[in-house]
Amino acid sequence: MASSGQLLKLVCLVAVMCCMAVGGPKAMAAVSCGQVVNNLTPCINYVANGGALNPSCCTGVRSLYSLAQTTADRQSICNCLKQAVNGIPYTNANAGLAAGLPGKCGVNIPYKISPSTDCKSIK
């Protein structure tokens, strides 16, 4: 099983996908990596172990989704998260739980959640 730090990084990947569905270009990203981590920390236990989803996890997922208002925000978050998960091993079960977070939290994203996401393609 992956460590809590590794799972947090995997959960952060979900944030990228949550952020990609909100529109409008802007010159500078306003969402920090710290905000991403803070919003997704409540999701670690669920991604690590499954079971019941903590309501504060969904609050964080929805909050992060609402923070990503611009293309620059979404690309910046994507790059931050890709760096965080780079080289971190995880199981298919963990990846599946992380990928399912947006839907379980009522956030509809039209993108595949994957470490191979091309951040430059995010609009």
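The backbone N, Cα and C atoms fix where each Cβ goes, glycine too.
Summarising the annotation, Swiss-Prot assigns disulfide bond to C33-C80, C43-C57, C58-C105, C78-C119 and lists sequence analysis as the type of evidence. If you look up Swiss-Prot, you'll see 1-25 marked as signal peptide, on the strength of sequence analysis.
Each of the disulfide-bonded residues C33, C43, C78 was assessed for Cβ neighbours inside 10 Å, and the highest tally belongs to C43.
According to DSSP, C105 (disulfide bond) sits in a coil region rather than a helix or strand. Just so you know, of the disulfide-bonded residues C80, C105, C119, the Cβ with the fewest other Cβ atoms around it within 10 Å is the one at C119.
Each residue contributes its Cα atom, and for C80 (disulfide bond) and C119 (disulfide bond) those atoms are 10 Å apart. Cα separation, C119 (disulfide bond) to C33 (disulfide bond), rounded: 15 Å.
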